[in-house]
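Worksheet: the structure to be examined is printed underneath.
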Amino acid sequence: MKDFVAGLPKCELHLHIEGTLEPELKFELAARNGLELPYSSVAEMRAAYTFDSLPSFLTIYYESMRVLRTEPDFYDLAMAYLRRAAEQNVRYAEIFFDPQAHTSRGVPFDVVIRGLRRALMDAETQLGVRAQLIMCFLRDFQAEYAMATLLESLPYKEWIVGVGLDSDEKGNPPAKFAAVYERARQEGYLLTMHCDVDQDDAIEHIRQAVEDIGVNRIDHGVNILEDQRLVETVLARGMGLTCCPVSNGFVTGSLKAEGIRKLMDLGVRVTISSDDPAYFAAYVQENLLALHDALQLSREELAQLQRNAFEIAWLPRHVKDAYVAEVDAYVAG
Ligand SMILES: [Zn+2]
């Protein structure tokens, strides 16, 4: 089964590019930019990756980003992920980036996006991996800052397929960003949003995202199972949920595998992604294997998770069809 998963054509839709910053690259970028890190070795840095909640993860996550300063830094970050993705036969990825995590510490927006964009272009020609960018707003910052970031992104609209919402959900409901999302929709961006696992008011947040904001899909969102009406709405709209089992394990103590199984059985378009693989020590392939260990998934079910992902990907119909045909041919072969 390990070989089957390795060769399966994959689609990753929930991946924070800042969450792919491996310790080795962190040291390299720190040296490049003349910065000191509070760790003497890669092993010591990895040993500090002990998270038991979303906030405890976010503290180390944001602290680490200080090493990202220049356009080549962002290029190297994205290229490193895309190389790993290519090795795992990821055929297509939609990649989150958090501009405010950088502009808030003085790195210009255009430095961030130009570096990422150049890597995406090179990966397509050099590695055969296609990818698009999703711009996320940090929900623990003011809505006005998100709106300003949205406006700042407009000259680069052709390089960004949609918007998302991440960071600490506690006390930061979707409704806080209703005006930002409305403007994003008017500008032609597609819409997604984190509905993190086991949050306070999780169901009300999912309801706001689905019914009030009208997002095209949901990142995480497994708590939707607690509300039959919302499950029916998501099914009726053919919406997808981008689940991340290993990440769930770190921040909630459970992969939420049973919930994922239930969603699959109901016919919800569930997909499996890695979220922040450098911090959770698992890229998409390891996430699929962890879920398989928990649920004993069949080959057909593992293939269906990839079909789901290509189906809900923000791509033209004929491109999706070509990727789904790759999955079908792999399974048949
Ligand atoms: Zn995430």
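Glycine is treated like the rest: Cβ placed from N, Cα and C.
Residue environment of HIS14 (Zn(2+) binding site) contains 32 other Cβ atoms, counted within 10 Å of its Cβ in all protein chains. In three-state terms derived from DSSP, HIS14 (Zn(2+) binding site) belongs to an extended strand segment. What TrEMBL lists as Zn(2+) binding site is HIS14, HIS16, HIS194, ASP275.
Cβ neighbours of ASP276 (substrate binding site) (same chain, under 8 Å, six or more residues apart in sequence): HIS16, GLU18, GLY19, THR20, PHE57, TYR61, SER247. According to TrEMBL, the feature substrate binding site maps to ASP276.
Look at TrEMBL and you will find 9-329 tagged as domain 'Adenosine deaminase'.
The C-beta environment of HIS220 (site 'Important for catalytic activity'), restricted to residues of the same chain at least 6 apart in sequence and closer than 8 Å, consists of HIS14, HIS194, CYS195, ASP196, VAL197, LEU241, THR242, CYS243, CYS244, ASN248. In this structure, HIS220 (site 'Important for catalytic activity') is part of a beta strand by DSSP. The site 'Important for catalytic activity' annotation in TrEMBL covers HIS220.
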Sequence-ordered list of residues in the chain of ASP275 (Zn(2+) binding site) that lie 6 or more positions away and have a Cβ within less than 8 Å of its Cβ, or none, is HIS14, LEU15, HIS16, GLY19, CYS244, VAL246, SER247
Note on Zn(2+): the CB centroid of HIS14, HIS16, HIS194, ASP275 has further same-chain residues inside 8 Å, namely LEU15, GLY19, PHE96, ASP166, ASP219, HIS220, THR242, CYS244, SER247, SER273, ASP276
In the domain 'Adenosine deaminase' (9-329), averaged pLDDT is 97
Simplified DSSP label at HIS194 (Zn(2+) binding site) comes out strand
Three-class DSSP assignment, ASP276 (substrate binding site), comes back as coil
